[in-house]
Amino acid sequence: MKSVQFCFLFCCWRAICCRSCELTNITITVEKEECGFCISINTTWCAGYCYTRDLVYRDPARPNIQKTCTFKELVYETVKVPGCAHHADSLYTYPVATECHCSKCDSDSTDCTVRGLGPSYCSFREIKE
């Protein structure tokens, strides 16, 4: 009986404490090579946990797909990068997530690597706005 109560309490704790896949505010650094500057902007992206499991053995009937928290819907916004030369295109377009879900990572539109450059990577000096 105690093990049943423990399992019930553990499941309740997990449901309350562990955040599911949801929209979250993040700051990313954007840069344009022609401009030589970086700026930090606030945007919305997906973060959280998705239920997944690894099979101990390979089963051809059931492929092993790791689910990740990723966007379901997104829109694009544009910002002007200051300090660009007059002949350079100073507009930078970036994605903003509007809806999230747990799904297989789509490497055509998402960086699915374990360790990418990160949202604050900048090759140039940063302009504080």
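Glycine residues also receive a Cβ, built from the backbone N, Cα and C atoms like all the rest.
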Candidate cysteine (Cys21, Cys35, Cys38) that Swiss-Prot pairs with Cys84 in a disulfide: Cys35
Return the single candidate from Cys69, Cys105, Cys112 listed in Swiss-Prot as disulfide-linked to Cys21. Cys69
By a 10 Å Cβ neighbour count, the lowest-scoring of the disulfide-bonded residues Cys38, Cys46, Cys50, Cys69, Cys100 is Cys50
